[in-house]
Amino acid sequence: MSALKDVDQLTEAEARAEHARLAREIAGHDKAYYQSDAPKISDAAYDALRRKLEAIEVRFPQFIDLLSPTQRVGAVPSGKFGEIRHAVPMLSLGNAFNDEDVADFVGRIRRFLGLAESDVVAVTAEPKIDGLSASLRYVGGKLVHGATRGDGQTGEDVTQNLLTLDDIPDTLPPGDWPDVVEVRGEVYMSHADFAALNERQIEAGKDAYKNPRNAAAGSLRQIDPKMTSQRPLRFFAYAWGEVSEPLSDTQMGAVARFGEMGFPVNDLMARCETVEALLAVYRDIEARRAGLGYDIDGVVYKADRLDWQERLGFVARAPRWAIAHKFPAEQATTILEAIDIQVGRTGALTPVARLTPVTVGGVVVTNATLHNQDEIERKDIRVGDTVVIQRAGDVIPQVVRVVDPDRPGRGEAFDFPTECPVCGSQALREHDAKTGKLDVVRRCTGGLICGAQLKERLKHFVSRKAFDIEGLGIKQIEAFQEEGLITEPAHIFTLKARNEAGEIKPPLQEREGFGETSIRNLFTSIEDRRTITLARFLNALGIRHVGENTSALFARTYGSWAAFHAAAANLSDEAVRAEMLGIDGIGNAAVEALEQYFTEAHNRDLLDRLVAQLTIEDAEAIANDSPVAGKTVVFTGALERMTRDEAKAKAQALGAKVAGSVSGKTDYLVAGPGAGSKAKKAAELGVETLTEDEWFDLIGA
C-alpha cells in the first residue's frame with residue numbers, strides 16, 4: 001500500500017518498508033544494467049525509482065546508510081567499465097570554511113617546514129570546479145588510458161568517452177614533455193550547454209538532469225562513447241599523477257605547461273604571498289561566480305613550490321599542501337515542527353529537526369541535523385520556532401539560528417533525554433580527563449544490548465567499505481537481527497551451517513523473498529568474504545574513531561592482525577602506547593577508543609569468535625628496499641636539516657615506525673643537539689644512536 005502513497009504521506013514505518021523495497025529493486029536493476037548490460041526497465045522508470053528513494057531519505061535521513069543505492073554513486077567502480085588502478089592515488093582535499101581556517105592552513109605549512117615568520121609562503125589560488133575528476137595517462141605523447149577518480153585508488157576506464165571531448169588531445173603536440181605524464185583535471189558542463197541539454201532531454205520525453213555536475217557525470221559514464229560525444233563536455237587541467245620527470249619547480253609552472261600541451265587551464269588561477277592576498281582572490285572569484293558560466297563551489301589553495309609539496313606530504317586522506325576553501329552554504333527559512341533523537345552505531349544520540357518542507361539550492365529539505373545537546377541549548381532551539389537552515393553541497397542540512405527568539409508564546413526548552421530512547425539504558429556524556437570538559441555527544445551505555453547500536457554496527461560490518469557482502473543488505477540484516485539469527489558479526493559466517501543443521505526454522509530457502517538460488521548465492525558471497533584485508537577488517541569492527549583511513553594507517557604500520565592485536569590489547573604499556581601515538585595521523589582519540597574497546601571482555605570474546613571464522617590477510621609490504629623499513633625510530637633533540645614533523649613523515653614514508661619514546665623495541669635513536677634523557681636511555685638499552693647526518697646517510701637522502 002505504501003508504494004502507492006506520496007512520500008509526504010508515509011508514516012515512518014511505511015517509509016522504512018518502502019525504502020527497503022526500493023533499495024532492493026534498484027539494486028536488482030543496477031546489476032542487470034551494469035553487469036549484464038540488459039536493463040529491464042526504461043531510464044525514465046529507473047529514475048523515478050531513484051527519485052522516490054532519494055525523497056524518502058530526505059524526509060527520513062535515519063534511513064541513509066552506506067548500503068543504500070544513493071550512497072554508492074561516485075565511489076567504487078561500478079563494474080560498468082573496466083578498472084584502472086591509479087599509479088598515484090587521487091585523494092580528496094581538506095576543507096576551510098572561514099578566514100581563520102585559511103590562516104591556519106598557511107600557519108601549518110610554516111610550522112611543518114620550520115619557516116620563520118619573515119619567510120614568504122607562496123600559495124596558488126584557483127576556482128574549485130564542480131564536476132567529475134578524471135586522470136589522463138600519456139606515454140610517449142599518446143593517451144593510453146583515462147579514468148575517473150573512483151574511490152581514489154581505483155577508477156573506471158572511460159578512455160574512449162574522454163577521447164570524444166574536444167578539450168582532451170589524443171596526442172600531445174611536439175614538445176619537451178615527460179615520457180610518462182598523467183594529467184588530472186575536472187570534466188564539467190557549462191550552464192548554457194546544460195540548459196540546452198535539458199531542453200533536448202525534455203523534448204525527447206526524458207527527465208531533465210538536476211544540475212550540471214550530474215549531467216557531466218552521467219554523460220561521461222555512458223556505455224556507448226557515441227552518446228558521450230553528443231554531450232557538450234568540457235575539461236580543465238589543474239593537477240597531475242605519475243610523471244617520469246618533474247613538470248616544473250612550481251604549481252604555477254606545471255599548470256602553465258598543461259596549457260602548452262593544449263589543455264584548457266583556468267585563467268583565474270593566481271599566485272599569492274600572504275593570507276590577505278589569498279582571501280582577496282577568494283572574494284574576487286566568489287563575486288565573479290554567477291557570471292563564470294560554469295559551477296564552482298569554492299577556491300583551492302596549494303603550496304606553490306613543488307619541493308615543499310613533496311616535503312609536506314600527506315595525511316590519511318588529503319595532502320598537507322592543499323586545501324579547499326568552500327563558499328558559504330545556501331540558506332532558507334522554515335518552521336521546526338519536532339525534534340527526534342536517533343541512536344547511531346557508536347551509541348551517539350543525535351537530535352534531528354523535522355521541518356516544514358522548504359527548497360534550498362534546488363533540493364526540498366524536510367530534516368536537518370541539530371548536532372548535539374549543547375548546540376540546541378546554545379542556539380535555544382525549540383519546537384515551533386521559525387529557523388534558518390543551510391545546506392552546503394551534499395552535506396546534511398543544519399539549523400543555523402532561530403529567527404525570532406524573543407517572540408511571545410514560544411514553546412518550552414527542549415529536554416534532551418538522559419536515557420536511550422531505544423533500549424532505556426543510561427545516556428551519558430563522557431568526561432575528558434585531559435581537558436576537564438564533558439564530551440559534546442551524549443551516548444547510550446547499552447552497547448550491543450541496544451538494538452539500535454547492534455543493528456547499525458551489523459549494517460556497517462557488511463557495508464561496501466567493510467566486508468561488502470553481496471545479498472546481505474539493509475533488509476536482510478534488519479530481519480536477521482530482529483529474529484535473533486545474527487546478533488554479532490561471527491553469526492554471519494555460521495549462518496549456512498546453522499541453516500543446514502536445521503537450527504533455523506523455517507529454513508531460509510523456504511521463506512518469503514528467498515529461494516534456493518538466492519540463498520545459495522548469499523552463502524557463496526559470505527564464503528567469499530572469509531578472507532579479508534587487515535585494513536577492511538579493522539574498519540568493519542566499527543570502533544569509534546577508527547574509520548577507513550585510520551584502519552589503513554594501522555594496517556600499513558603493524559602489517560598483520562597478530563601484530564596489531566598485540567599492540568591494541570596492551571595499550572596500558574607505556575612503550576606500546578607511545579609507539580602507536582607515534583604513527584603519523586593517529587591521535588589520542590583513536591588510541592583511547594582502542595584501549596576502551598579491548599578492555600571490555602565481551603568485545604575480546606566477540607573478536608575471538610569472529611577471527612576464528614576468518615583469514616585476515618597481512619598488509620602489503622611497503623614497495624621499497626629502504627634500510628629502515630620495518631624499523632622503529634625515535635627522534636630527539638633539535639634537528640637542523642628538517643623539522644621534527646618532516647623527519648617523522650619521511651621516516652614513515654620509507655616504512656619505518658616512529659615512536660615517541662625509547663624502549664627495548666627501538667632500532668634507532670636519531671639525536672640532534674640538546675638530546676637528553678632519551679639519549680641516556682638509548683645508551684642503557686644498547687639502542688643504536690645516529691646523528692642527523694648519519695640518519696640521512698642511512699636513508700640515502
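Cβ atoms are placed via backbone N, Cα and C, with glycine included.
Over in Swiss-Prot, the protein carries these features:
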type: BINDING; residues: Asp43, Ala44, Ala45, Tyr46, Asp47, Ser92, Leu93, Glu126, Arg149, Glu186, Lys302, Lys326; note: NAD(+) binding site
type: ACT_SITE; residues: Lys128; note: active site, N6-AMP-lysine intermediate
type: BINDING; residues: Cys420, Cys423, Cys444, Cys450; note: Zn(2+) binding site
type: DOMAIN; residues: 623-701; note: domain 'BRCT'
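Here Leu93 (NAD(+) binding site) is positioned 36 angstrom away from Cys420 (Zn(2+) binding site), judged by their C-alpha atoms. Around Cys444 (Zn(2+) binding site), the C-beta neighbours below 8 angstroms that are at least 6 residues distant in the chain are Val343, Gly347, Leu349, Cys420, Val422, Cys423, Ser425, Gln426, Ala427, Cys450, Ala452, Gln453.
Helix, strand and coil content of the domain 'BRCT' (623-701), in residues and according to DSSP, is 27 helix, 15 strand, 37 coil. Taking all protein chains in view, 24 other C-beta atoms sit within 10 angstroms of the C-beta of Cys420 (Zn(2+) binding site). A separation of roughly 11 Å, to the nearest angstrom, links the Cα atoms of Leu93 (NAD(+) binding site) and the residue listed as 'active site, N6-AMP-lysine intermediate'.
Shown in sequence order, Val343, Gly347, Pro421, Val422, Gly424, Ser425, Ala427, Thr445, Gly446, Ile449, Gly451, Ala452, Gln453 are the same-chain residues outside Cys420, Cys423, Cys444, Cys450 whose Cβ sits within 8 Å of the Cβ centre of the Zn(2+) site. Under the DSSP three-state reduction, Lys302 (NAD(+) binding site) is assigned to strand. Residue with the densest Cβ environment among the recorded positions Lys128, Arg149, Lys302: Lys302, by other Cβ atoms within 10 Å. For Arg149 (NAD(+) binding site) paired with Lys128 (active site, N6-AMP-lysine intermediate), the C-alpha to C-alpha distance reads 16 Å.
Looking only at other Cβ atoms within 10 Å, the busiest spot among the binding-site residues Leu93, Cys423, Cys450 turns out to be Cys450. Taking CA atoms as the reference points, Lys302 (NAD(+) binding site) and Lys128 (active site, N6-AMP-lysine intermediate) are 12 Å apart. Regional average pLDDT for the domain 'BRCT' (623-701) in the model is 83.
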